[in-house]
Each structure stands twice: as C-alpha cells, then as structure tokens.
Amino acid sequence: MTETMDDISITAPWQERHLLGLEHLSAEEIATILDLADQFQTLTEGGSKKLTVLNGTVVANLFFENSTRTKTSFNIAARRLGADTVDFSASGSSLSKGETFVDTALTIEAMGVDLVVCRHRTPGAPHLLARHLKAGVINAGDGTHEHPTQALLDMLTIRQKLGRIEGLTVALVGDIRHSRVARSNIHGLLKLGARVIVCGPATLVPRTITQLGVEVAYNLDEILPQVDCVNLLRVQFERQRGAFFPSIAEYAHLFGMNGDRIRKAKDGLLVLAPGPINRGVELTPEVADGPHSVILNQVSNGLLIRMACLYLLAKKAGK
Ligand code: ASP
C-alpha cells in the first residue's frame, strides 16, 4: 500500500511555520504533534517502514554543536517520510573562513532546502534563522534555552506508557539551570496538565524558575514517593563556569537514581533520561538497564516526533 495524505489526519489545524520552542505552543498544538507521532507509529509499522509523503522535500541539518541522537534521529525521520537530507557540521565548513552563521544558512537554503533543523550553543540562534530564511526552521537545541523535540518525545513516551499526562507528577532532576530539556519539558508538561517538580542542588536550580509554575525541591528522597515519572538531566559541564557542587560522587549520592531509591519510589515509576547518560552519575547501570527505564523507548519515539514535526512544517511550507 502506498500511503497518501488521506491516511494522515491532523487533530487540529496547524498554523506554525517554524518550531522554535514549546513556550509559545498551545496545549492543542502539542497534542496535535503527539497524536500525529502515534499515527506515524502505525503507518510506519513501528518506525521501520518508509513512506513517500515528503518525496521532493529537502531537509538540511545544521548542527553547530555536538549531537548523537538528535541529528541521527532527524536524518532518519526525514528519510522515513521520503524527504532528502543534507548534513552540515560547523567543523570543516567555511565558518572558519569568516562566513557568518546567517550567510552560511542562506547559502545552504539557496540550494533548494525546504526545512532547516538547527542546533547551536547560543540561545535564540534558530529564531534568528527563522527571521532570515524562507525555509521552515526547527530548533534542535539552542544553548540553555529550549529543545522542543526532546520534550515532545519525553511526553509521548509518558503518554504511551501511562496513558495520559494530565494529573501526573513529573520530577525533573539535576542541572535545571543549564538544561534546555528542562525548560521545554516544563512548558510542555504544564500545558498538558501535569504537576512539575524541579529538583537539584540549590546552585543548579535558579530561584526564578518558580515563575514558570513549577515546584522546587532540594531533596530527591523526600519527593520520590509522590512522583510518577523522573527525568534525569545530565550535568551540563560544558555550559558551566565554575564549580556548582563539591564532587561528582556527592552529586550522585544526593541526586543520582539508584536501586535503593527505586525501591522507595512508586511501583510504576517511569525513569526517563534525555541522554547522553553518564552511568554512575545521574543513574546507576542497574536503573538505566532496569524495568523502570524507558530511555530506549524515548529514542525510538524521537523518530516519530521528528517525523510529525517535519511533516507538519513541510505541509505548512506547501510541500
Ligand atoms: N541531548 C540533550 C541536549 O542536547 C541533553 C544533554 O545533552 O544533556 O540538550
């Protein structure tokens, strides 16, 4: 069977030309992406079957910061939809010859690119591209700001495993201050009706975070019995200036997920981690590979979420 547009239904009309973050998306728009991702799971028979709905669309991956999961996932997602992809990495490019970020993107766009996926260490970099390019822009992580597709895949995983988001209590644990994953999750989860607790060393939890509508905790053991899902954020050493806690061993002791903590938590606790995971820091191997962990489900769902986002933006761009 060749799938057609008729096989794909969108829950609500899609108006956005770009996907820059979850802060400005409505609950309905977020649900539209999650529902479409579920449909792609069926249409691609779990993500493996190739579709043709984006034949003739070109997706450029512009990554100015390292990535394993996100870049590969966008690449495979685009190809699963029948699109062509082009990969750009900052190292080895003409950036070293003085070309600006925007000129580099305009050059690549001029080769017939319809959608640009951008990762950059500077917050707001994809927003800048969105102002200059005709192509639709997807934020694949901008510094400490947002990482919308990561939060969407986290929410899809929770929804698939627990059947809902509304009414759940989700703890985001670790380096809240430097985490774009935390910020996107906070916006998305609150919009879908979850209770969100952020937990970490006081130095890594900005005081102003409560303005977003989350609760703050500094003791993981105290909150664990109330929590349905725990999302273990990596300590972003590459974004930190200075020491935020005395030692990795102390961090792991206070905020790492281990077998003892799992035994004190709710029976059905879901353990998420955006990756890359550092075994022995945010979580022990026993937890990472144990029955509560949905880390590899998150990776598989990332493909479906990125298919949904690429599809919606490509259709908005008239493809
Ligand atoms: N991969 C995620 C990101 O790019 C999480 C991390 O790096 O810790 O933000």
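Don't overthink the numbers, they just go from 1 along the chain as shown.
Placed from the backbone N, Cα and C atoms, the Cβ positions cover glycine too.
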Identity of the carbamoyl phosphate-site residue among Arg119, Arg195, Arg239, Arg241 (reference: Arg69, Thr70, His147, Gln150, Gly275, Pro276, source: TrEMBL): Arg119
Binding-site residues whose CB lies under 6 angstroms from ligand 1, from Lys97, Arg119, His147, Arg234: His147, Arg234
Other CB atoms, at most 10 A from the CB of Arg234 (L-aspartate binding site): 19
Candidate with sparsest Cβ neighbourhood (10 Å radius) among Thr70, Gln150, the listed binding-site residues: Thr70
Inter-residue Cα distance where the pair is Arg180 (L-aspartate binding site) and Pro276 (carbamoyl phosphate binding site), in Å: 14
For the domain 'Aspartate/ornithine carbamoyltransferase carbamoyl-P binding' (17-160), the number of residues DSSP places in helix, strand and coil: 63 helix, 26 strand, 55 coil
Which of Lys97, His147, Arg180, all binding-site residues, has a Cβ with the fewest other Cβ atoms inside 10 Å: Lys97
Rounded Cα separation (Å) that holds between Gln150 (carbamoyl phosphate binding site) and Arg180 (L-aspartate binding site): 9
